[in-house]
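As recorded in TrEMBL, the features of this protein are as follows:
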DOMAIN    35-202  domain 'FAD-binding PCMH-type'
ACT_SITE  ARG179  active site
ACT_SITE  SER231  active site, proton donor
ACT_SITE  GLU301  active site
Amino acid sequence: MKKHLNIISLTNKLEKINYLRVEKDKNLAEFSSFKVGGPADLFLVPQKIEALQELMPLLIKSDLPYFILGRGSNLIISDKGYQGIIIYTAALNNYQINNNIITAQSGLELKEIADLAYENSLSGFEFAAGIPGSLGGALYMNAGAYGGEMKDVIIKAKFVNQTGKLIDLNKSELNLDYRTSILQKENPDWVAVSVTLKLQKAKQKIIKAKMDELHQKRWSKQPMELPSAGSIFKRPPGHYTGPLIEEAGLKGYQIGGAQVSTKHAGFIVNKGSATAEDIINLINKIKEEVYKISGVQLEVEPRFLGEF
């Protein structure tokens, strides 16, 4: 009852903030690359950083749980949804380009930034062109592919903390490491609002050739045609997850609508009717069987949101 009253009180305050869209009981499946998930109590869409600065202290004061949602590409959302507040950053999508420096807000998609880099003859971001997700999410995970990762190109980032204050950190302060950053370790309650990237000038035809090469690699080796969350497990030291899962005899294995991809066993795909429960059950089956045959303990890469 108290939580319900807190949500009503908070909603009344949030609806007075300019450049903030407030929605109730918003279904989250459409915001998940897996296309699974139930509703959130409140769904907030700040269209300016100032709106985010204004809402953060209200959230902290309300004592209600909240979650920062980018493009939902590395996320498994519970079928029960999320009993709390979602801050959806997609409307924070402005950018500036100055010579070889791109400063972009956190809601911009990686593909959009890769295209901007190409249009401005800037190289170094080709690796990210095919990674689904937002810039903020890529910073959070230190996303990477094909030998490149975010820490190679980031020089600084800007955040809003719990009190609504803007904080600037340079690269060395971001604690970027394999699939992790300061947002996972020291400051999980901060919201990334912009990231500055340093790239190199190059000829467009060279950049385009690299982007096309990586695009071809992805489509030939990964199940891009079906909903997924990308690589479902982090790479264990000295191993590759795909071969480990194949050795366990699980390539193509299916629980409900969730299947180990027949194209790349390191991916779980939604065949059209999967629930989050199907995906979790399949993850647990894979971990159990791989450990049984190899002794390797697989660690899940996507985040979990809600009650499982």
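For all residues, glycine too, the Cβ spot is worked out from N, Cα and C.
In this structure the alpha carbons, written CA, of GLU301 (active site) and SER231 (active site, proton donor) are 7 Å apart. SER231 (active site, proton donor) sits 12 Å from ARG179 (active site), taking the Cα positions as reference.
Mapped onto three states, the DSSP output places SER231 (active site, proton donor) in strand. Classification of GLU301 (active site) by DSSP places it in coil, neither helical nor stranded.
Within 10 Å of the Cβ of GLU301 (active site) there are 17 other Cβ atoms, across all protein chains. Around ARG179 (active site), the C-beta neighbours below 8 angstroms that are at least 6 residues distant in the chain are MET141, ASN142, ALA143, GLY144, LYS234, GLU301. Other Cβ atoms within 10 Å of the Cβ of SER231 (active site, proton donor), summed over all protein chains shown, number 20. In the three-state DSSP scheme, ARG179 (active site) falls into the coil class.
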